[in-house]
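Below you'll find the structure, written out as structure tokens, and then a few comments.
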Amino acid sequence: MDFLLLGLCLYWLLRRPSGVVLCLLGACFQMLPAAPSGCPQLCRCEGRLLYCEALNLTEAPHNLSGLLGLSLRYNSLSELRAGQFTGLMQLTWLYLDHNHICSVQGDAFQKLRRVKELTLSSNQITQLPNTTFRPMPNLRSVDLSYNKLQALAPDLFHGLRKLTTLHMRANAIQFVPVRIFQDCRSLKFLDIGYNQLKSLARNSFAGLFKLTELHLEHNDLVKVNFAHFPRLISLHSLCLRRNKVAIVVSSLDWVWNLEKMDLSGNEIEYMEPHVFETVPHLQSLQLDSNRLTYIEPRILNSWKSLTSITLAGNLWDCGRNVCALASWLNNFQGRYDGNLQCASPEYAQGEDVLDAVYAFHLCEDGAEPTSGHLLSAVTNRSDLGPPASSATTLADGGEGQHDGTFEPATVALPGGEHAENAVQIHKVVTGTMALIFSFLIVVLVLYVSWKCFPASLRQLRQCFVTQRRKQKQKQTMHQMAAMSAQEYYVDYKPNHIEGALVIINEYGSCTCHQQPARECEV
């Protein structure tokens, strides 16, 4: 538009006297964008872009005009005063992150109408006036993350119809005002993660028809109601990781195009049976590290488009209600973490869910959960309230509110006696199989040795034969020695003659009388 006016001005001046032409021509040239003045000391200039970074500046440089971009990152700015950037009417982006800014006046960005990108992250801002962004209607991206914002002014984002990206991560925000984003019709990315949100109002996100990604992770939310996200028809990704959510419900029956949902790291114990019927296009779901004990068959039926799911780290009850989940996992063609462990009952603690179903014959009187039979083994719950216990009593032949996929049936769950018998049988079978396996290994080793090392086996056999022969020789010698000793004592006959014995020496002779021997009883 400026160039069109300039052309008309020149055309009109060419038809006037020369003096008038020169005067008016000078006035017209003042309408042109001013060239940037000299580059401030220690700053870096690249054409009409100025970078004054990490210089410990406490104020913005003065006498700057004609700039298209200004970066004052990593300095020591503490306050943004009214009219501080008045001369930068051509500015399109402004970086003020990593300073010590704690106060922003309402008219600090006056006359910065052309700014499209504003970064105020990593400062100490505690509040922003309602009129902070009013002078910048062309904003596309605003970064307020890593500050100390505790509350948001109700009209803070009023008039920002071109805003597409908004970062408010890692503040201390406790509440999102109703319809605060009403004018942000072009917003596609919104991050309010790592704050202190305890609840959400029903119309907090009203007007965000083009929003595709919403981050609410690491807050203090205790309940998720899908009615809090009305008419977010373009939303594809919702992150609610690491909150304190215990219940997931949906009080509005409407369909949205959500494809990815992260609910991991919460305290979820109950989900309404129809809660996922409002997201028929859901492809990725994270439910790991919660307190789920079972999943309703109606919920499993609504997971028709899933290609990825995580369920580990929950308190799975491997009892009456595990059959539907086991069958669904058997038939699931996508990716899942595969580390689902039983938390109860006691005899199944620590076992993999699918292994427990097979080992303890939990479903259909011991039948294995295959080919979708298990999904019809559990009756759909008719009530929508939280379960009184993880093992809900099923009525024989009763009819619940269901969508026609599951048929009512009874599930045989082993009692205490049957469970103990099953455990004992399982141990006996396991021990027998281990023994047979060990025997087969020994036979295999002998067979391989006989085939591969025949000479060694012959030597080993000769050693055994020689050793046995030596043992026999020793036994024979011992027997012969014992027999000779017995014959010596049995055949002994004394040759002495009863009477006097005369011993003669050089001094004379002695006479002694030998008495016959007597046997004494001992």
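Glycine is no exception: its Cβ is also placed from the backbone N, Cα and C atoms.
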Here Swiss-Prot annotates region 'Disordered', and of 382-401, 402-421 the range meant is 382-401
Which residues, sitting 6 or more apart from Asn56 (N-linked glycosylation site) on the same chain, put a CB under 8 Å from its CB? Asn75, Ser76
Cβ packing number for Asn63 (N-linked glycosylation site), 10 Å threshold: 8
For the repeat 'LRR 4' (137-159), report the average pLDDT of the model, please. 97
Using a Cβ cut-off under 8 Å and a sequence separation of 6 or more, which residues in the same chain sit near Asn130 (N-linked glycosylation site)? Gly106, Ala153, Pro154, Asp155, Leu156, His158
Sort the residues of the repeat 'LRR 7' (209-231) into helix, strand and coil with DSSP and give the three counts. 3 helix, 6 strand, 14 coil
